[in-house]
Amino acid sequence: MTADIIDGKAFAANLRAKVAAMVPAFREKAGRAPGLAVVLVGEDPASQVYVRNKHKTTVEAGMESFEHRLPADTTQDALTALVEQLNADPAVDGILVQLPLPKQIDESAVLATIDPDKDVDGFHVVNVGRLSTGMHGYVPCTPLGCVMLLKDRLGDLSGKDAVVIGRSNIVGKPMAQLLLAENCTVTVAHSRTAHLPEVVRRADIVVAAVGRPEMVKADWIKPGATVIDVGINRVPGAEPGKTKLVGDVDFAEAVEVAGAITPVPGGVGPMTIAVLLRNTLVAAHRLADVPYDEKAI
Ligand code: NDP
């Protein structure tokens with residue numbers, strides 16, 4: 001058996017196009033474009049690439065992009081003051097503070113300063129609480145993107161056995177909450193889970209969000225299962241001095257057993273920015289009091 005490849009790149013392009021198609025109507029009703037503010041502190045190279053991509057895709061979708069780049073030695077107070085200024089700015093619908101932050105900054109204190117109604121990353125405890133109690137809020141982009149891919153592939157997820165490997169606040173925990181909301185039977189595995197391969201073998205849906213290159217092997221996967229690989233790991237490439245990206249799943253092996261699988265790159269990765277734009281569009285409608293069908297995208 002060879003798994004179907006879930007094309008996250010194409011799905012994300014389609015999602016971005018749907019968002020872009022809805023921007024003109026919003027502009028007309030609200031008299032302005034949806035606005036996303038991204039704050040980058042320091043010079044982490046990966047973060048710089050992410051922020052550049054976010055700016056580019058935001059502009060391409062017809063939205064306003066506000067970039068704030070602060071030096072690595074920025075103080076907590078200075079960053080808090082900027083977030084408060086963005087909270088009060090009516091042109092800004094979504095605020096994203098790029099993580100990780102430099103050591104002198106208390107990350108959770110900064111996230112707590114963001115207005116929950118502009119928290120398009122869904123990391124504020126108010127939105128975490130809304131997600132876990134089934135209220136409207138903002139859901140972290142990567143796990144929401146994973147659920148979109150799963151529903152596109154499988155339709156109704158009710159009654160499926162899902163195993164999420166990883167319990168971070170950014171991916172694992174919100175992923176588990178979303179799958180629970182879709183009526184899956186959810187197991188959350190982590191570094192202390194006993195007999196992990198056996199646990200994973202029970203799953204109709206496997207979501208790997210670990211950060212360990214190619215950890216999940218073919219014999220961990222139930223034949224026909226749907227495998228979502230969130231991992232992004234840079235490892236040495238075939239040629240000396242070159243690197244390549246791999247996921248948390250041993251793709252070459254797993255593709256022979258799974259029913260469907262996301263590749264790395266080109267699977268979950270492109271979904272994150274597309275969902276960020278979608279969340280910003282939703283925030284803009286809510287803040288400007290423009291009616292919006294939340295099921296539209
Ligand atoms: P974290 O490091 O915050 O969390 C990793 C999780 O994996 C932890 O819960 C940890 O368990 C668990 N874990 C570690 N080792 C093992 C093991 N041997 N067996 C079982 N579980 C283990 O990572 P993130 O959640 O932030 O990210 C996970 C991966 O997803 C990374 O590769 C990251 O780059 C990628 N990522 C991709 C995104 C995208 O856009 N596609 C966005 C965000 C992340 P414990 O809690 O016990 O320590």
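In case you wondered, yes, glycine gets a Cβ from its N, Cα and C as well.
Features as listed in TrEMBL:
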BINDING   GLY166, ARG167, SER168, ILE232  NADP(+) binding site
DOMAIN    6-121  domain 'Tetrahydrofolate dehydrogenase/cyclohydrolase catalytic'
DOMAIN    140-286  domain 'Tetrahydrofolate dehydrogenase/cyclohydrolase NAD(P)-binding'
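The most densely surrounded of the binding-site residues GLY166, ARG167, ILE232, judged by C-beta neighbours within 10 angstroms, is GLY166. The Cβ of SER168 (NADP(+) binding site) lies under 8 Å from the Cβ of ALA209, each on the same chain and at least six residues away in sequence. Residue counts for the domain 'Tetrahydrofolate dehydrogenase/cyclohydrolase catalytic' (6-121) by DSSP state, with H, G and I taken as helix and E and B as strand, are 62 helix, 18 strand, 36 coil. Residue counts for the domain 'Tetrahydrofolate dehydrogenase/cyclohydrolase NAD(P)-binding' (140-286) under DSSP, split into helix (H, G, I), strand (E, B) and coil, are 55 helix, 30 strand, 62 coil. Model confidence over the domain 'Tetrahydrofolate dehydrogenase/cyclohydrolase catalytic' (6-121) is summarised by a mean pLDDT of 97. For the NADP(+) site, whose annotated binding residues are GLY166, ARG167, SER168, ILE232, the maximal Cα to Cα separation is 16 Å.
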